[in-house]
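Each remark here refers to the structure printed beneath this line.
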Amino acid sequence: MELAELEQALRRVPGSRGGWELEQLRPEGRGPTTADTPSWSSLGGPKHQEMSFLEQGESRSWPSRAVTTSSERSHGDQGNKASRWTRQEDVEEGGPPGPREGPQSRPVAESTGQEATFPKATPLAQAAPLAEVDNPPTERDILPSDCAASASDSNTDHLDLGIEFSASAASGDELGLVEEKPAPCPSPEVLLPRLGWDDELQKPGAQVYMHFMQEHTCYDAMATSSKLVIFDTMLEIKKAFFALVANGVRAAPLWDSKKQSFVGMLTITDFILVLHRYYRSPLVQIYEIEEHKIETWREIYLQGCFKPLVSISPNDSLFEAVYALIKNRIHRLPVLDPVSGAVLHILTHKRLLKFLHIFGTLLPRPSFLYRTIQDLGIGTFRDLAVVLETAPILTALDIFVDRRVSALPVVNETGQVVGLYSRFDVIHLAAQQTYNHLDMNVGEALRQRTLCLEGVLSCQPHETLGEVIDRIVREQVHRLVLVDETQHLLGVVSLSDILQALVLSPAGIDALGA
């Protein structure tokens with residue numbers, strides 16, 4: 001079957017909006033559809049081909065109003081999908097949610113009267129609420145407690161391994177086991193000051209992306225169909241981590257059948273915490289922990305201090321989604337049906353920036369897109385978390401836990417960047433059953449890994465913000481490493497840094513520094 005026929009068939013399948021019944025359909029051996037997206041860095045210049053995880057369609061028009069009737073949704077008619085641009089993104093790694101901030105902490109930006117002219121998305125509350133969406137999942141949707149996932153059967157060659165890195169604090173910790181202490185790694189000196197960003201925010205048009213995200217809802221950014229893996233809390237930890245690898249996902253919502261609700265997320269961070277806590281323990285062997293159930297893990301290590309799952313409604317704005325992701329230091333934001341409580345979709349930094357990148361070409365271009373990274377000072381340049389290539393893997397785990405970051409630039413003795421070690425590299429220790437060899441140095445681990453990971457994509461201080469955004473979206477990565485001409489590390493520009501600058505800073509909100 002041709003790709004176009006598969007995509008058409010996908011839109012006709014009932015129940016795809018809820019995300020419970022469908023997995024992403026893609027012909028064997030073929031990647032995501034390419035899409036022509038105008039470059040932010042060269043207005044009116046030639047278009048470049050992108051390997052996009054979002055299906056944009058033939059025309060680049062504004063996302064239509066998010067209006068669908070109950071009848072249309074129940075019959076699986078996806079013709080009125082808000083923007084018709086979306087294909088399920090490759091699933092990314094995410095840290096577990098932190099404490100929910102609650103409605104009182106949601107940011108409210110003042111209108112300046114300089115809003116860009118674009119159509120508003122009708123809130124679902126005024127159109128068709130999602131009450132008709134399927135109720136919480138059935139047995140076939142959830143991996144039951146007796147489900148087994150074999151590492152030898154795990155096929156991970158297709159995984160998208162981009163992981164967001166923010167050197168300030170990239171991930172919250174649901175389990176609450178992280179203690180702040182100095183990381184045993186070198187840290188470059190400050191090389192770039194923050195110079196012109198505050199001035200740019202005072203110029204007309206600086207709030208165009210902020211207003212755009214305020215006027216569109218999470219429903220607009222939801223995939224037509226998506227792959228969603230859900231774990232029952234009675235599943236054994238070992239089987240759960242193997243299932244993450246086997247299904248090519250980095251996080252899964254946790255369903256508590258006793259409470260009949262979602263109670264959290266299981267992520268690669270949890271696997272790192274298990275290794276970090278018990279690798280050197282003289283009392284407990286790691287294989288004993290493998291037999292624990294997820295429920296037991298949560299009860300023992302949360303010690304009754306359960307934090308609410310950070311989530312968002314499809315009626316909420318994309319502005320609120322950006323704020324929730326950055327404020328709570330999480331990588332995945334579940335979109336929950338406000339009536340049934342079912343998980344409809346999971347939003348990520350990468351998906352939100354892709355949405356903004358596609359339709360941002362139809363908006364007036366702010367002048368700050370033409371300014372250089374060095375002038376604007378967007379990114380992290382102080383106290384960077386890095387790891388020496390000669391350091392053992394256990395040292396990298398220490399840094400992941402202590403600094404709460406999701407990827408580490410790997411440097412040699414002279415400070416040159418030679419690689420990137422991410423949290424997702426750690427989960428493959430489970431897939432290869434080599435997590436008892438954490439004394440191997442990071443450089444050797446990078447040479448032995450079987451997958452072609454995201455790699456080290458870099459930028460230089462003289463490049464403009466528009467060029468940096470184009471490269472991140474085109475390469476589908478979560479950060480660019482800022483280097484000089486000799487490949488010495490200067491800083492890191494992450495998705496959080498960019499979304500903070502484009503969406504939150506114009507509203508006077510600093511979620512990264514909060």
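Keep in mind that glycine also has a Cβ here, set from the backbone N, Cα and C atoms.
For the ranges 208-229, 252-273, 318-339, the feature annotated in Swiss-Prot as motif 'AMPK pseudosubstrate' maps to 318-339.
AMP 3 binds His331, Thr380, Ala385, Ser406, Ala407, Ser494, Leu495, Ser496, Asp497 as Swiss-Prot records it, and from the list His357, His428, His478 the residue named for this site is His478. Taking H, G and I as helix, E and B as strand and the rest as coil, DSSP gives the domain 'CBS 4' (452-511) the counts 24 helix, 15 strand, 21 coil. Of all Cβ atoms in the protein chains displayed, 28 besides its own lie within 10 Å of the Cβ of Arg423 (ATP 2 binding site).
When Cβ distances are compared across the two stretches, the domain 'CBS 1' (222-283) makes contact with the domain 'CBS 3' (380-440), since 3 or more pairs at least 6 residues apart fall below 8 angstroms. For the binding-site residues Arg423, Asp425, Leu457, Arg479, a Cα-Cα cutoff of 10 angstroms around Ser496 (AMP 3 binding site) retains Arg479.
Taking Cβ-Cβ distances under 8 Å and a sequence separation of 6 or more, the neighbours of Leu457 (ATP 2 binding site) in its chain are Arg471, Glu475, Val477, Leu480, Val481.
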